[in-house]
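A short write-up of the structure that comes next.
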Amino acid sequence: FIDICFTTTTIPKMLVNIQTQSKSTSYTGFLTQICFVLTFAGLKNGILVMMAYDRFVAICHPLRYNVIMNPKLCRLLVLISFIVSVLDALLHTLMALRLSLCTELKIPHFFCELAHILKLTCSDILINNILVYLVTSLLGVIPLSGIIFSCTRIVSSVLKILSAGRKDKAFSICGSHLIVVSLFYGTGFGVYFSSAATHSSRKSAVVSVMYTVVTP
């Protein structure tokens with residue numbers, strides 16, 4: 001559901017622009033798309049962490065799985081992820097409202113991304129940049145560290161399994177998840193931390209396709 005919502009915030013508008021050759025968007029629509037992109041990206045981030053924890057419990061503590069991963073805990077994790085994502089999106093959007101935009105308002109991208117509105121402003125963006133790096137580090141690096149820890153424990157447990165068939169099943173459970181995690185976090189960090197992505201609009205657009213279109 002999150003993947004559907006995530007792609008719906010960007011792809012339909014892009015397809016309309018290609019079809020009609022009209023690539024304009026309102027300022028309200030610009031900020032609205034940023035807000036929804038950040039919300040669903042944050043939710044996807046949270047879900048990937050939950051999936052890693054779910055697989056960790058399933059493989060490392062199989063006999064306690066139903067007790068640990070009970071419906072109440074699952075609902076609580078989703079609720080926390082939703083609240084954090086919405087607050088993060090609103091914080092960045094409200095901070096963007098304080099900026100004054102320059103006269104040249106062309107975005108060399110297929111959707112409205114926070115990094116691009118910071119390039120279009122004539123205001124001082126020091127606070128915005130600090131906020132981007134701080135929040136991206138907290139909501140990106142910490143969850144990714146948790147995923148890596150879970151994967152390490154899973155691999156360690158799987159290697160102790162004597163049956164080849166059970167090893168294959170365990171690795172197949174984690175395979176697609178690890179691919180999505182690699183693409184999502186690798187390209188996501190690339191957009192906000194890589195100097196190449198920051199200075200090259202074409203590279204930034206290509207990298208953004210990976211985590212907005214390919215991973216879903």
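Each Cβ is built from the backbone N, Cα and C atoms, and glycine gets one as well.
Taken from TrEMBL as is:
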DOMAIN    1-216  domain 'G-protein coupled receptors family 1 profile'
TRANSMEM  30-53  transmembrane segment
TRANSMEM  73-91  transmembrane segment
TRANSMEM  130-149  transmembrane segment
TRANSMEM  170-193  transmembrane segment
Q: Average the pLDDT scores across the domain 'G-protein coupled receptors family 1 profile' (1-216) and report the rounded value.
A: 81
Q) Same-chain Cβ contacts of the transmembrane segment (130-149) under 8 Å, 6 or more residues past its ends? A) 42, 45-46, 48-49, 52-53, 84, 88, 91-92, 95, 114-115, 118, 181, 185, 188-189, 192-193
